[in-house]
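Report on the structure given below.
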Amino acid sequence: MLLVPFVAVLFLVSVSGFYLPGLAPTNYCPANSPENKKCKSGIPLYVNKLTSPKSFIAYGYEKFDFCPTSNEDSPVENLGQVVFGERLLPSDYEIVPEKTVDCQKLCTKKYQKPSDNGYEFLRNAVILQYAHHWVMDNLPVTVCLTNEGTKRYCSASIPLGCFGETRDLSNSLCGAFTRTKSEVYLFNHAQFTIYYHPVKDSWSDEGMIRLVGVVVEPRSIAHPADKLDCKSTQPLLLPVNLNSELSITYSYSVKFEPSEIKWASRWDYILESMPQSNIQWLSILNSVVLVLFLSALVATILLRTLRRDIARYSQLENSSEVQEESGWKLVHGDVFRPPTWGMLLSVLLGSGSQLFLMVLVTLFFACLGFLSPANRGALMTCALAMYACSGSLAGYVSARIYKFMGGLRWKTNVLLTATLCPAVVFVIFFVLDLALWILQSANAMPFGTIVALLALWLGVSLPLCFVGAFFGFRKPMIEVPIRTNQIPRQIPFLTAYSRPTITFFLGGLLPFSCIFIQLFFIFNSIWGTQFYFMFGLLFLVFLMLVITCSETAILLCYFQLCSEDYRWWWRAFHCGAGTSFYLFIYSLHYFISRLDFRDAISGFLYFGYITIIVWLSFLLTGSIGFFACLWFVRKIYAVVKVD
């Protein structure tokens, strides 16, 4: 027990090692120096999609009537970035290392009426609080604000403008110029502050720098028609009706400041300023302590009760008197009787095993730092690759369980194992992606990406599933310590607490208590565009989930056998899968209390993706509960002699 907290502390400390196996840094040449193999003379700024807390629909940069992007090629995006909807484009901002830019014009857009060139679309986007997401040197460009307690908070969401209703939320950006709730102002000026650290490596040239922070202060400036005036305090108002021509001039300024922050620690100021990141440690540790205590309590009670039962049965066997058997030993002749719908159960267990291996390996690599937010899209790419490569495990497990149940239709079993779970996910995902495509959202996946995902499924996962099933069916049948009677035993009347519905809800409650705090931060990273970086702690929480899910399923399985009900197969799966029910309830609570979507389609998309998550959780936790019970049942009936 002392090892778990020690490992937890190691994981917590390892969070700061953000670039443990990370990416190589980029050196930039000193001012007025030519570019060479060791350094770059220009710092590109990439623009990404725009997102809103009021809508699930994200739009690409090109959807808006902004300044045209650069003619340079867009950076190559991996599969995970495309699935998450990242659409990086090179911008026209010209940024040279250590070169100060006081006021530089980017472009000017003119509008005669609200319907011109997406003016109304731009104004509505400001009202819905859409925000930019920019990247420089693989580092998110952030907006940093200071709250009343003088704590600095940095966000990677750069607001598109100011709306009167939000002036209190971004007072330091909007100032006092949003006088009424109906006024809309556009941020058309970007004031960059780039922090750099001198390169002191022996193999680098003198004067080279590395970027360790990029902060932007968006401003609203109504530039005069004949010149640029970046010092003007007159904001740029976007009126509802255009009585005259409106000119919007986009501009920027740049300044460089040296910093003592090292390149390997440059993400710290972003991660440390995330909302509530400094108070969650105590809550999570309390949750871990609670789970450890409950797990120890369950294990102690179960072991003591089992020891007493086994001792009592041994006394009955050694006694010459004839006594009536009772409890879980009474159903020894039926406990390994194959369940109904054995084909479906074996398919679900194979898919659950595949998900278990995917989550385990992905979280392990994330703990080592390979899948940190600095390596954009790596987490999803690794998860998809691991799922495809784990197809052999799904086929093997499903084949062995199906053979154990006495199944004969092995072709149907393998085909369902390879297609059922991915097909459910793909159908839901395709419907959601179709809706995003109709809405012209940046989150809609390109056709080529859909083909790549289908290739992973049908070209990698499915053949591996057949290979695993081939070896699974060739293995000897799983041995059981007791023979099954030919005539099924009659099951007595079940009490209320031993009914399947009750055990389903009870079985998922304790495992869910392990993860509900982490769910808040995971959901914030998905729906709130925040960064999630505590993978070491998440790996520990996942292990706690496996332990508590197994112990709870074993405990409820024991009570079921004691009530002389031998139908434990599906019940064991449902006990673990009950966690998915609480996951859905929590997602409903999060939607009501944390999200503020203004359109019905956003709610449809949200619950569509939640359905996929709940379905995968159902398979994962259900399989954990079943295999724990299978191990438990084989163990307890192996130590008791049966005539």
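Cβ coordinates come from backbone N, Cα and C, glycine included.
Caution: TrEMBL annotation is automatic and unverified by curators.
Quick look at what TrEMBL annotates:
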SIGNAL    1-17  signal peptide
TRANSMEM  281-303  transmembrane segment
TRANSMEM  347-371  transmembrane segment
TRANSMEM  377-402  transmembrane segment
TRANSMEM  414-438  transmembrane segment
TRANSMEM  450-473  transmembrane segment
TRANSMEM  504-527  transmembrane segment
TRANSMEM  533-556  transmembrane segment
TRANSMEM  568-592  transmembrane segment
TRANSMEM  604-633  transmembrane segment
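Segment contact is absent for the transmembrane segment (347-371) and the transmembrane segment (504-527), given fewer than three CB pairs below 8 angstroms at sequence separation of 6 or more. For the transmembrane segment (504-527), the residues of the chain that approach it from at least six positions outside its boundaries are 275, 280, 283-284, 287, 290-291, 294, 534, 537-538, 541, 544-545, 548-549, 552-553, 556, 574-583, 586-587, 590, 594-595, 606, 621, 625, judged by C-beta separation under 8 angstroms. Long-range contacts of the transmembrane segment (377-402) within the same chain: residues 77-84, 86, 342-343, 345-347, 349-351, 353-355, 357-359, 361-362, 365-366, 370-371, 410, 413-414, 417-418, 453, 456-457, 460-473, 475, 478, each at least 6 residues beyond the stretch ends and with a Cβ under 8 Å from a Cβ of the stretch. Below 8 angstroms of C-beta separation, residues 56, 335-336, 345, 348-349, 351-353, 355-356, 359, 421, 424-425, 428-429, 431-432, 435-436, 507-508, 511, 527, 545-546, 549-554, 557-558, 561, 568-569, 572-580, 583-584, 587, 591, 595, 597 of the same chain, each at least six residues beyond the ends of the transmembrane segment (604-633), sit close to that stretch.
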